[in-house]
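Peer 1: Quick paste from TrEMBL:
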- His272: active site, tele-AMP-histidine intermediate (ACT_SITE)
- Gln56: ATP binding site (BINDING)
- 1-290: domain 'RNA 3'-terminal phosphate cyclase' (DOMAIN)
- 136-237: domain 'RNA 3'-terminal phosphate cyclase insert' (DOMAIN)
Amino acid sequence: RPQHLSGLEIVRDLCDGKLNGGEIGSTEITFTPGKIKGGTHIADTKTAGSVCLLMQVAMPCVLFAASPSELHLKGGTNAEMAPQIDYTVMVFKPIVEKFNFTFNCDIKRRGYYPQGGGEVVVQMSPVKELSPINLTDRGTVTKIYGRAFVAGALPIKLAKDMSSAAVRCIRKEIRDLYINIQPVREPDDHAIGTGSGIIIVAETSTGCLLAGSSLGKRGKNSDKVGIEAAEILLKNLKHGGTVDDSLQDQLIIFMALAKGVSRVKSGPITLHTQTAIHFAEQLTKAKFTVTKSEDEDPSNDTYIIECQGMGMINPNL
């Protein structure tokens, strides 16, 4: 698909590599990497393909580059079947930075299905090595916040409806916490096309972040969008893990590259995570084990993902 090809192309450009068979619909590619050099790079899916997926592909390379990188990623910022850019900024970024690196993500323009047209600029410096993480203590939920957005031709009332429906749904399970879901209308000069959606984040006493999100689409009631996101969040809170279902697989590559033992407590292991572990082990010397968590609370369906990382060292630093 277009976003897969754009992902391969940006990695090729980042490291002076050679790519054969890189076309839409291709079933076989050959990729020969060179030296990762950093610098400024542009990747454009030319569709509503997710900019977040492009970032996920590029990030492990950029961390081990010779110099800082600036990535201009174009496509969909809030797309189906991929993390929304708000999730990337609000949940993925603060947690992944525990591996001991930082990055800056500037949302220049939002783009929605079907035309895309969004642009995000990611700035990142390389590191010598990644530190392992230990995310096994969930703590208690201390606050719940989020944003319900509309853009283009949609009225702010839809954002308010999504927000209220989500709050009502969460209130049934969690009564004593203040819930702050801001309804916003994206400025016209910062959004291409028409779109709507919501993201809700729960923060815990130990700094864990878990989320639920949903996108609006034609013919889908805005209350339903809010309730869908709230139900995903509640489901993630119920299993007792320190990461939600969307973050689980995104941490695997960093655990594999880090130096030392990383541990993450999660809910049931997703197919994405199983796939990520399989390939991380094929491509690195990292070793993963997944064990059922011996939890105090027997109703919790939690697992410990443990990884002896390969300890990748950046030869350029």
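The count begins at 1 with the first shown residue.
Note that Cβ sites are derived from N, Cα and C of the backbone, with glycine treated the same way.
Bear in mind that TrEMBL entries carry predicted annotations, made automatically and left uncurated.
For the listed features, I'd like the structural context: burial, neighbours, distances.
Peer 2: When Cβ atoms from all protein chains are considered, those within 10 Å of His272 (active site, tele-AMP-histidine intermediate) total 14, not counting its own.
Long-range Cβ neighbours of Gln56 (ATP binding site) (same chain, at least 6 residues apart, Cβ-Cβ under 8 Å): Gln250.
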